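*Asks:* Sending over a structure as structure tokens; questions will come in a sec.
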């Protein structure tokens, strides 16, 4: 069930429409504070321990435990590649290895969202017989176009051979369908795949090495009390635990701190990707065409761009999407509404006119590149795929590097597991060879070559400076320049105070090309058990109003692409309170990344909840 939004949820709504000006005025005191007590928002046990709650006295908290050789968290391209490669090696060498894979989505692929234009290199390495097996690679790229948009015009830019955005030899895919197919291959090889099980906790041995994971408890009321149906989560123990949670994984966040994995790298920087699927007029359908743009409606200092892919899926289907770098500065910016505005560009709207939108979704993505990759291994576990972040940003691709990292991890794990001279200083195996092998692979070479392109957009010319840098230095030196540019810090630190920014007045959606937020989220299939604690937890319930609303005019109500956060009037007294509509959450992780106070902590809801994407 989706939660309907109200115009009162945005204090600035009345402000904009009463004044009808584009100048930021001093913020009004009533929305900054109230004499009444701060309403309790967070009831989750990660913030309010159950040991201190009398309602939990006498509840059986024992957990059942299972043992495996390898446990993998996340059934995306990386996690499935690791599982499949492990079982391939085991079959080749006659070894018996138990591999368990847990996935929080109700079905494999239901939480997967990407463009996606696939570089098939790693996929073909993993499945040399992919054609015979019927892999859903149905749309080879036949036409590749890139352009700069102004408000009214499209300026074509040639894609020269060797530039990272060249898509010759690639395939347009529905990544959710490809992941679902990979899940079938994994199960056929003997991988134990458990959809609907959300990994909620990292378990440790007494020596500090990773022991495995525990899935989350189910049967807890919204107020934090146990239901009569309460069930403790399951523990999965393994010699090696592989974390393939995707971008900004909530367990990876804990591991970064536990093992200081980010001590020698830049802060990760992110983007938010929004996507829709459309069925269009068959006369406008060009199967295999790839379109990318930069520029309007974003200004030059806001990194981002768009894609429009024509799929050959038996019907005139196109994937349209928009990416906004989460290092943007204006708190009034709404990535969702920028996306809706972009579709009205004279070069985009004609393709969609007369068509029907059939799906919507959003997901954060890593943009930090080589400089932001953390240490990948630690006693008992390792990180693969988009969890550490192997996306090639100028290439606009990360699936191929994620898959290769999974395969390399599997090969390193298998070698250590089956070694006759296995020695380990810790109970959980430390597979250090994985990071060494990755740095010697084409993944590292590819990311090293493009390492300076994304941070080159931070200069006075913004995105256009990055394009100039690419055209000169990358074209000539191919990434061999003897310097490495730095990112400018975490995305949460980049917002300016609202008083220093110009409000953005977005056009009203027309219901044909552009749409409102609620009708969009409805197309994601998102659903959560209503009577459970909100999985969007706050470290301090007072901060959203006292700091975020006061200083930044409540940016969470705009950066969330699903209408999860609303500022609504207090029932008693003056001022506002934050309302969290957790049922709407599409698990994109943007709030955890962009919150300027770093007060929001995304944790897993009950397994099986969230979006139900069909081939996104």
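A Cβ is built for glycine as well, from the same backbone N, Cα and C atoms used for every other residue.
The following feature annotations were taken from Swiss-Prot:
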BINDING   70-84  FAD binding site
BINDING   304, 305  ubiquinone binding site
BINDING   560, 585, 588, 591  [4Fe-4S] cluster binding site
MOD_RES   95  N6-acetyllysine
MOD_RES   131  N6-acetyllysine
MOD_RES   222  N6-acetyllysine
MOD_RES   356  N6-acetyllysine
MOD_RES   415  N6-acetyllysine
MOD_RES   550  phosphoserine
TRANSIT   1-32  transit peptide
*Asks:* When you average the Cβ positions of 560, 585, 588, 591 for the [4Fe-4S] cluster site, which other residues in that chain have a Cβ within 8 Å of that mean position?
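*Replies:* Other same-chain residues near the [4Fe-4S] cluster site: 362, 536, 561, 562, 564, 565, 586, 587, 589, 590, 602.
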*Asks:* Spatially, and counting Cα to Cα, which of the recorded positions is closest to residue 82 (FAD binding site)? Options: 131, 222, 415, 588, 591.
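*Replies:* Smallest Cα separation from residue 82 (FAD binding site) among 131, 222, 415, 588, 591: 415.
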*Asks:* Calculate the distance in Å between the alpha carbons (Cα) of residue 550 (phosphoserine) and residue 78 (FAD binding site), and round it to a whole number.
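*Replies:* Here the two Cα atoms are 41 Å apart.
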*Asks:* Given the binding-site residues 72, 76, 304, find the one whose Cα is closest in space to the Cα of residue 585 ([4Fe-4S] cluster binding site).
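*Replies:* Considering only the listed binding-site residues, the nearest one is 76.
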*Asks:* Measuring Cα to Cα, tell me the gap between residue 305 (ubiquinone binding site) and residue 588 ([4Fe-4S] cluster binding site) in whole angstrom.
*Replies:* 18
*Asks:* Within 10 Å of the Cβ of residue 356 (N6-acetyllysine), how many other Cβ atoms can you find? Include all protein chains, please.
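*Replies:* Looking across every protein chain shown, the total is 10.
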*Asks:* Roughly how many angstrom lie between the C-alpha atoms of residue 95 (N6-acetyllysine) and residue 70 (FAD binding site)?
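*Replies:* Between the Cα atoms of residue 95 (N6-acetyllysine) and residue 70 (FAD binding site), the distance comes to 14 Å.
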*Asks:* Name the one residue among 84, 222, 415, 560 whose Cα is closest in three-dimensional space to that of residue 304 (ubiquinone binding site); these are the recorded positions.
*Replies:* 560
*Asks:* Return the member of 70, 84, 222, 356, 588 nearest to residue 415 (N6-acetyllysine) in space, with distance defined Cα to Cα and candidates limited to these recorded positions.
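*Replies:* Considering only the listed recorded positions, the nearest one is 70.
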